[in-house]
Structures are given as structure tokens and as C-alpha cells.
Amino acid sequence: MSRTSLEVKAQRKPKFSARAYNRCPVCGRPRAYMRKFGLCRICFRNMALRGELPGVRKSSW
């Protein structure tokens, strides 16, 4: 299946609530989804490095 059809399928209400899963709205990736930001780890990193996510900065210790 193509990624767009899987995104549409994920938006439908499942028969059982345990089957529901989150997808990144930018790229459609189902894994490594961060609920707090609503993005996958790859899109999160790209947007954070570009400064598009307020309050997020690269850690240093």
C-alpha cells in the first residue's frame, strides 16, 4: 500500500480502540512518534535544528 492510503486508513476509527495508532503528519511515519510534539523523531530533529519548534534547543552538558 502507498503511504497516503495508510495515512487515510490510520485516520479512520478502528473496530477496536487498541488498534488506533499515531502517524507523523509531515511524512506519515508510524514509528518513533513523539506525542508531545505530534511528530516523528526525524521530522522533530529537522524542525528543531531549523528553529521551527519554540522552546526546543540542542542539549549540551
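The backbone N, Cα and C atoms fix where each Cβ goes, glycine too.
Feature annotations, reproduced from Swiss-Prot:
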type: BINDING; residues: C24, C27, C40, C43; note: Zn(2+) binding site
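Feature map: Swiss-Prot annotations on the structure.
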residue	record	CB count, 10 Å
C24	Zn(2+) binding site	21
C27	Zn(2+) binding site	13
C40	Zn(2+) binding site	22
C43	Zn(2+) binding site	20
Coarse DSSP state, helix versus strand versus coil, of C24 (Zn(2+) binding site): coil
